[in-house]
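*Asks:* Shown below is the structure under consideration.
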Amino acid sequence: MWMIYKKYMKMKGFVFFLALLNCAATVTQACGFPPTLENGYITEGEKNEYSKGDVVIYACHSGYISGRRVKSMCTGDKWETLRGTCRKKPCGSPGDTANGKFHLEGEDFVYTAKVIYTCNEGYQMASLMDYRICLADGWSNDIPHCEVLTCIPEKTDDNIDIISGMFQPGEPIPYANALRFECNSEHLVLRGESEIYCTANGTWSKPFPKCKEITCEPPSITHGLVRQQKETYENNEVITFHCHDKYRPAERSLSTCTKWGWSPEPRCEEITCVKPHNMLYGDIDSYKREFKISEAVTLRCNDGYQTVNKKDREKATCTETGEWSIPLLCKAITCRVYDIPHGWLYFQNREYKINEAVTLRCNNGYQTVTKKDHEKATCTKTGEWSIPLLCKEITCVIPHNMLYGGIDSYKREFKINEAVTLRCNDGYQTVNKKDREKATCTETGEWSVRILCKEEKCQAPIISDGYFHSDDEDYKTGTLLYYACGPEHKPIIGDTWWKVIKCVDGKWSGNAKCIGNALSPPNIENASNTTKQKEVYNNNEIVEYDCHAAYEPENGSSAVCVNGAWELPKCILNKTPCGTPPYVQYAVITNKEKKYYENDTVTYKCKNNTSLEGSKEITCQNGSWTQPPKCLKVVISRRCEPLKIDNGFSVPEKSTYDPNESVELGCYPPYELKGQRKITCENGHWTETPQCQRNDGTCGPLPTVKDGVIIKGNEGSKSVTYGCQIYYVLEGDSTVRCQSGKWSDAPTCIGPCIINKQQLKEKKLRDTQKIYLEHGKSHKFVCIYGYRVKDTKYREEFVTCEHGQLDVPECMYDQGCLGFVFVIFVHTNVIK
């Protein structure tokens, strides 16, 4: 028992020890007050003491959100946040304002964020608050509003009109809108800006203009003087001025008072000589471009070129007329002629100038490089002849792309009188309609027979007392040709007035012939001929027919030959048929021949050069035909010339094309067709004129400008600028541009007028240093002493060069000149 008690006491002490340990552990595992949550507070589980496992729940302050509930748990001696934080609540976009913008003060559109609105130029803030703040329940106040600034129009005088703009009397004008002004009388001029606009600060860009009477102040002309000067000049009043020595009017010596001021501006410019911008084949010994009177330069020409005086270098002086003593021009050297084997020239010289021509003739058996016995050759600007002055032996060549046949030789080139045999494949023939034919090389370099095999075709038949619907000269195999006979005639076979034949291997399947006497009687539908057949039947001869089963004769069983036509019986099925379709002049019927009953139709087709009037179809109704059409003659449309398409071709190729004939077009690589591939000839014109354009964005060779030179760009450029030789004037846009594979229109160089000194002498005019006169410029011609310009009382006259033509005045003896005559020459630009 004691032992048991001892054991019990020991066990009880152990249990007590464990209880003490457990109590100690419970005391050490308590947590303090829960941690605070930024922007939040405890809503559940708050108490004075916390032990392991206790949980508190937080909520976020106004303006903050957590997404999920925030929790913290006591884990023994510390708190552990299980999940969640409080973050600022988002407000979304604050919204745009018309004619304005905003910027954010902060990083995002969240609680406490602020956006400030500003207005665009020309607009002002119309709201009291120009901002919005993100609050707990969303954005504060309405979106700020911007309104347009306006300008108040001023009152205008009665003589001024507002001709455009948003002008309404008494109404303000919005920002950026403009007003345009115009005087309501041609005798008034606008003083001030003709157009003003409302600016961003609500004021007008310029003061409102006024309309005043048109007047001009006396012009101040440097190096010049106005005749009969006044204090002011009225509208359209003209002044005359002259320039000092070594100066000349910039435009004319007359100027008119206009509402825009003096026109043209009265201005004198120093007389100078200018180096051409586009000097070709040479240059001068100076870097200057403008020279005063008496200054001189030396003109040097490149190899192969020379001055107008045929020198490689020459001195040129600036004269008082503003022209050089010699043209600053280098010309190409002339073309030379050497011995020509197997040929000769008419009136042969050794040297020829540019554009001079000779006629090259070749001996028998020889020809020029372009295969002619004689040909014109022209000396070009490069010093070379337009064609080589050569004579080559005449030969004939076999085509490389020979189709549907061949020759009995492996050679491709043959001399005169050599022969070959041309053999054509089955279904093809020579141009002389043979399957084989001998061809000989002639003295012209052409074969006696074309080396060509063509598909066998049928020639258009000749039908006496008849016609067919087509005007073609030949027809392919398989073609059906409908023909009809004239009055009192019929086809040789059958009893209708029209027939069809077919082209088979170059021959027609039937005999297209119209006769006046009947031949063999035709077969009758639903009947059989019981009389022995003959080739020709006499007038009134009879042939008997038997109707087939279920058919009965309608008008007897006999056919009678009457005046070359058969009067035939009919076998019918007890219903009323229609007779032969009505004859229509210039028409054929394209239906098979048969008996026609109720609602059967036939179709008419008019021959070429006639037009159909009415319906082309007629119908059998109640035993009669409906109204047939008419074929009316029309004026033949004109044929078309071949379409010339650069870098392209057309199929088929012919010298001319018939009306309504079509061709198909194609382009050589790298060009592509722009337009319809198939076009048709209509009354002498093609329905469309397509073009071949490069598909690589380039335009091919540059346009040629006669007497012009390229001063900027090259053939690979998208744009090229041209200039003209000295004394030539450029007309048109100097720059051509590559657009859609095609160059824009090129300019032209207008040549100068040439003053002929012999002509000056004959017309009693003073000699002049000026030889060339540019297009559009004037030159003063002065009569010699004692003479005046014909039909005038003056000794001088200004004449303008127009497109290379100069109307040089003629002087006549002045019989009214007595004693001493003092003449004051005033430099003017009076134009004849």
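Every residue gets a Cβ built from N, Cα and C, even glycine.
Under the heading disulfide bond, TrEMBL lists C31-C74, C91-C134, C119-C146. Among the features that TrEMBL reports, domain 'Sushi' is placed at 29-88, 89-148, 149-213, 214-270, 271-332, 333-393, 394-455, 516-573, 576-633, 638-694, 697-751. Per TrEMBL, the feature signal peptide maps to 1-30.
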*Asks:* With an 8 Å cut-off on Cβ pairs and a sequence gap of 6 or more, do the domain 'Sushi' (271-332) and the domain 'Sushi' (697-751) reach 3 or more such pairs?
*Replies:* yes
*Asks:* Across all the protein chains here, work out how many other Cβ atoms are within 10 Å of the Cβ of C74 (disulfide bond).
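*Replies:* So the Cβ neighbour count for C74 (disulfide bond) comes to 21.
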*Asks:* Within 10 Å of each Cβ, count the other Cβ atoms and name the one among the disulfide-bonded residues C31, C91, C119, C134, C146 with the highest count.
*Replies:* C134
*Asks:* Please report the Cα separation of C134 (disulfide bond) and C119 (disulfide bond) in Å, rounded to an integer.
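*Replies:* It is 21 Å, counting Cα to Cα.
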*Asks:* Give me the mean pLDDT over the domain 'Sushi' (394-455), rounded to a whole number.
*Replies:* 86
*Asks:* What's the CA-CA gap between C74 (disulfide bond) and C91 (disulfide bond) in angstrom, rounded?
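*Replies:* Here the two Cα atoms are 36 Å apart.
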*Asks:* Between C119 (disulfide bond) and C31 (disulfide bond), how many Å separate their Cα atoms?
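*Replies:* Answer for this pair: 59 Å between alpha carbons.
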*Asks:* Could you measure between C91 (disulfide bond) and C31 (disulfide bond) for me? Cα positions, answer in whole angstrom.
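*Replies:* Rounded to a whole number, the Cα-Cα distance is 39 Å.
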*Asks:* Using DSSP, would you call C91 (disulfide bond) helix, strand or coil?
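*Replies:* For C91 (disulfide bond) - judged by DSSP and reduced to three states - the answer is coil.
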*Asks:* Tell me, by DSSP, whether C31 (disulfide bond) is helix, strand or coil?
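*Replies:* The residue in question, C31 (disulfide bond), is strand (DSSP, three-state).
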*Asks:* Just give the helix, strand and coil counts over the domain 'Sushi' (638-694), going by DSSP.
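*Replies:* Split into helix, strand and coil, the domain 'Sushi' (638-694) gives 0 helix, 27 strand, 30 coil.
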*Asks:* Using Cα coordinates, what distance in whole Å links C146 (disulfide bond) and C31 (disulfide bond)?
*Replies:* 60
